[in-house]
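What TrEMBL records for A:1-13 is compositional bias 'Basic and acidic residues'. Annotation source TrEMBL lists region 'Disordered' at A:1-23. The domain 'Exoribonuclease phosphorolytic' annotation in TrEMBL covers A:54-109, A:113-176.
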Amino acid sequence: MEEEMHTDAKIRAETGAGSSPRGPGCSLRHFACEQNLLSRPDGSASFLQGVAEKSRERLIRNTCEAVVLGTLHPRTSITVVLQVVSDAGSLLACCLNAACMALVDAGVPMRALFCGVTCALDSDGTLVLDPTSKQEKEARAVLTFAVDNVERKLLMSSTKGLFSDAELQQCLAATQAASQHVFRFYRESLQRRYSKS
Amino acid sequence: MAEAASVAAECLAGCRARGARSVLGQVVLPGEELLLPEQEDAEGPGGAGERPLSLNAGARSRVRVICGPGLRRCGDRLLVTKCGRLRHKEPGGGGGGVYWVDSQQKRYVPVKGDHVIGIVTAKSGDIFKVDVGGSEPASLSYLSFEGATKRNRPNVQVGDLIYGQFVVANKDMEPEMVCIDSCGRANGMGVIGQDGLLFKVTLGLIRKLLAPDCEIIQEVGKLYPLEIVFGMNGRIWVKAKTIQQTLILANILEACEHMTSDQRKQIFSRLAES
C-alpha cells in the first residue's frame, strides 16, 4: 500500500472559498470554477479544487448509486448537495451519513441504508474509531468504509497510509460493529420524526 | 478476531426478515425484508409448533397480496424501499389485501388515477403542457374537457390552474392527464376559477386531509365559507370571501402538519371569536 500524496484539502474544506492570490509562497493548488451550468435552478456553480475533492465526490456518488433504485426513475437526475459546516475529523464518513439521511428524507427509493465509519491506525497499531482531525493527522493510516444495513456488506472503502492485511481485517470488523450504533441512531431519529405526526 | 466474528454474527442475526403482520404500524427502514403471512406460519418458531394437516401436501394456497408504495417484491418476500409506517388494508373480496409504507415526502411522482392540480406552462398545437410537480410536465389534450370538440375549444390560457387526473403515468412515458372521467363528464375537474391562492404542502398532509374522517376540514368549513381543491401532488387551492380570510386559511392548513389537535382547536376557537 503506497502513501497518498499529502494534500491540504482538509484545510480548504474548512475555510470558505475565496479568490486565490497566485503570488510566490502561495500554497494553494489550482482550482477552477464554472457558473450557471444548469438551466433549471436559479443559480448553480461547480468548483474544482485539486484531485482530492473530486475523488471524495466520486466515492460518495458511487456509494449512493449502489444503493438507490435508479431504475424506478429513468431520465431523472438525483442531485445530492453536501455543505461542510465544520470539519472535526472523519469528514468522509460524516458526508456519507448526511447523504444517506438526505436521500431517506427526500423519499428516494433505496434498497438499503448505508453509513460511513472512519478508522485511524497510529504508529503503535492501536485502532481508533471516528478519529478527530488531530488523530487523523498523526495516524499512520486512515481508513474509511461504507457499509449497508442489510448484511453489513462493504460498499465503499477509501484508505490512506501504510497498513498490513491483518490490520485491514481488524478495521473492517470494527467498522461493521460500529455501524450497528449508527444504524440504531438512524432508526431512533426516524422513529422520532414519524412519532410527531 | 474471534470477538469480531461473534459480533458480526450478531449483526447478521439481527437483520433476519420479520413477519409483515408483526411490524404493522411501526416505522420500517429501507433494506428490511418482510415475510408475508402464510410464509410466516410455515417458518414458525423452529418449525416445532403444530401445523394443520393439509390434504394436498406441498401445495400452499397462495394469497394474492398487493404491494403498494414503498415496497417491492424480492423473491417471495417484500423489500422495504422507503422509510415510514407500514400499513395494511384488509381485502374487500378475495385476496390478501394491500401492504404499503406511509412515508412523508415533498416530491411528487405521478401515479395513474391521481387527481392533481397543475399549472399550464405551454400551449403547443393541440396539447397543453401542464406542470404537476413531477420530473416531466404532463400533457393535456384540448379534447379532454367536458363538451370540447374541434370547433368548440376550451378556454385555457398559459398560467391557468387545472384540476385533472392522470390516465397515463409510469416511469417510462411522459404523463398524460385529462379533465373528464370515463363517462365523459367533468365531475369537478377542469380549469379552476379566478382568484384564490395556490400553495404547496407535503404529500402526507394531503393524504391526512383527504382521509374520510378528517376533523380539520370540518372545523375549517365552520370558520368561513370557502372553496378548496386538494391535489395529490401536494398543492392546495383555497378561495374565501376576502383576501385576509384566504391567507388565514392557507396559514392554518400549512401549520396543521406540525400542530397537535389541541393547539389546532385553540387557534380555531380564537379565530371564531374575532
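FYI, residue positions are counted from 1 along the chain as it appears here.
Heads up, the Cβ atoms here are built off N, Cα and C, so glycines get one too.
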Worksheet entry | Helix-strand-coil residue split for the domain 'Exoribonuclease phosphorolytic' (A:113-176), DSSP-based | 18 helix, 27 strand, 19 coil
Worksheet item: When the pLDDT values for the domain 'Exoribonuclease phosphorolytic' (A:54-109) are averaged, what is the result?
Response: 91
Worksheet item: In the domain 'Exoribonuclease phosphorolytic' (A:54-109), how many residues does DSSP call helix, how many strand, and how many coil?
Response: 33 helix, 1 strand, 22 coil
